[in-house]
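K.L.:
Got a structure for you, written out below as structure tokens; questions coming shortly.
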Amino acid sequence: MTTPLTAFGHDPWWLVLGKALAIFVFLMLNVLVAILLERKILGWMQLRPGPNRVGPWGVLQSLADGIKLALKETITPGGVDKFVYFAAPVISTIPAFTAFAFIPFGPVVSVFGHRTPLQLTDLPVAVLFILGLSAIGVYGIVLGGWASGSTYPLLGGVRSTAQVISYEVAMGLSFAAVFLYAGSMSTSQIVAAQDRVWFVFLLLPSFVIYLISMVGETNRAPFDLPEAEGELVAGFHTEYSSLKFAMFMLAEYVNMMTVSSLATALFFGGWHAPWPLNMWAGANTGWWPVLWFTAKMWTFLFIYFWLRASLPRLRYDQFMGLGWKLLIPASLVWVLIAAVIRTLQNQGYAHWTPILVISSIVFAAALVLSLRKPFTTPHIRALRRAAAPPGQAAAHRAGFHPGIPDTAAAGESAGGRE
């Protein structure tokens, strides 16, 4: 079922307002649930109960935290640029919510007698618009770090800038193959192109690259370098408290939902029902697709929680090397392969599908196997042993450091003299 672009822009004002309000409520409720579930899942994975004090089984903990932040005293550090300091959380939050206007939740439905798509609006370049909004949201992080007048927030903002520049390139290149096979950059048209086969099965390398890039784009573990507590206290929001801090956290979780929803729309069929539910004739009609879409989005949110509980934070050089040395070159090569196979399809070659699937699996496997390469650093002691003459091999045993006396060797010499 295709939703043409001409279906947008004809809703009455009250229906547009109702859609916008529904998206806002949907995001706010999902943020409350996501924060609670993240803390619960982390607790279960770390063999502890997690939040269990406010409400039955701790289900009201997120609401209590939000009320607490709203009622806390607003503390403004001395020496800050007040206008930029207060504007930064707003700049981060507004683009995060705006991006959801282009996410398709379902097909055309009837609302009080009006036929309308379950999407606020769409554009011929909607995916690029979402990519641009995510880049604008980073301005809030950079400005917040700069306006705080402190070293740690400034370093967090600079890290965030480098992170977005690096991983938005890889993310954009992962979209290119999707645009080639969907024939459109509109989110609703891309979802319609996956009516029979989801793009994750045809364009697996694009999905793997996007999956890694979306974690880096949202500053989440193991790529949470802009707010690394062991290095930068709390990063760009070190000097923020009360509602301003809550707005930064809200923007972070809404951005997680935005990139998760975009992954659902671009690679997992959007609101189309998964197998075997798609065998039911009514699975992709009415309001049921909203349920399928939400379930897919939450699958990606669970991956976020799982990664945070499982993987340690990367070093900054490892993180940047992953983007520039692996993801971007791999994206360029895969786009070239996908374009060649698309050309074969356009020229009427009958067996383009198995060629694309096999190429996709082989390239994705090679990409996953290459993920360790940017992280491996030659062991300095091994290099020292290899460079040392044979007679000095004993001097390079474990525990030896240049400029530090080898106490064991000194003791042996003293014993020999006695």
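Cβ coordinates are placed from backbone N, Cα and C, and glycine is handled just like the others.
Got these off Swiss-Prot a minute ago, pasting:
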type	residues	note
REGION	394-418	region 'Disordered'
TRANSMEM	15-35	transmembrane segment
TRANSMEM	83-103	transmembrane segment
TRANSMEM	123-143	transmembrane segment
TRANSMEM	164-184	transmembrane segment
TRANSMEM	197-217	transmembrane segment
TRANSMEM	262-282	transmembrane segment
TRANSMEM	287-307	transmembrane segment
TRANSMEM	321-341	transmembrane segment
TRANSMEM	349-369	transmembrane segment
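Each of these features: where is it, how hidden is it, and who are its neighbours?
P.N.:
Listed by sequence, the residues of this chain that lie at least six past the ends of the transmembrane segment (15-35) yet keep a Cβ under 8 A from its Cβ atoms are 62-63, 65-66, 97, 100-101, 111-112, 114, 116, 120, 249-250, 253-254, 256-257, 301.
Residues 20, 23-24, 27, 76, 119-123, 126-127, 129-130, 133-134, 136-137, 139-141, 143-144, 146-148, 187, 239-240, 243-245, 247-248, 250-251, 254-255, 257-258, 261-262, 265 of the same chain lie 6 or more positions beyond the ends of the transmembrane segment (83-103) yet place their CB under 8 Å from a CB of it.
Note on the transmembrane segment (321-341): residues 166-167, 169-170, 173-174, 176-177, 180-181, 203, 205-206, 209, 212-213, 216, 314, 352, 355-356, 359, 363, 367, 370-371, 373-375 of its chain, located 6 or more positions outside it, place their CB under 8 angstroms from a CB of the stretch.
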K.L.:
State, in range form, which of 197-217, 262-282, 287-307 has the highest count of Cβ pairs under 8 Å to the transmembrane segment (349-369).
P.N.:
197-217
K.L.:
Cβ under 8 Å, sequence separation of at least 6 from the ends of the transmembrane segment (287-307): give me the contacting residues as numbers and ranges.
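P.N.:
Distal contacts: 34, 37-38, 41-42, 45, 104-107, 109, 118, 211, 214-215, 218, 220-222, 256-257, 259-261, 263-264, 268-274, 277.
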K.L.:
What parts of the chain pack near the transmembrane segment (197-217), using Cβ distances under 8 Å and only residues at least 6 beyond its ends?
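P.N.:
Counting only partners 6 or more residues beyond its ends, the transmembrane segment (197-217) has Cβ contacts under 8 Å with 134, 163-164, 166-168, 170-171, 173-178, 181-182, 190, 223, 255, 259-260, 262-263, 266-269, 272, 300, 303-304, 307, 319, 322-323, 327, 330-331, 334, 338, 353, 356-357, 360-361, 363-364, 367-368.
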K.L.:
Could you give the residue numbers and ranges of same-chain residues that sit at least 6 residues beyond the transmembrane segment (123-143) on either side and whose C-beta is under 8 angstroms from one of its C-beta atoms?
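P.N.:
For the transmembrane segment (123-143), the far contacts come to 5, 84, 87-93, 95-96, 98-99, 102, 156-158, 160-161, 164, 168, 171-172, 175, 178-179, 184-188, 190, 217, 219, 226, 236, 248, 251, 255, 258-259, 262, 266.
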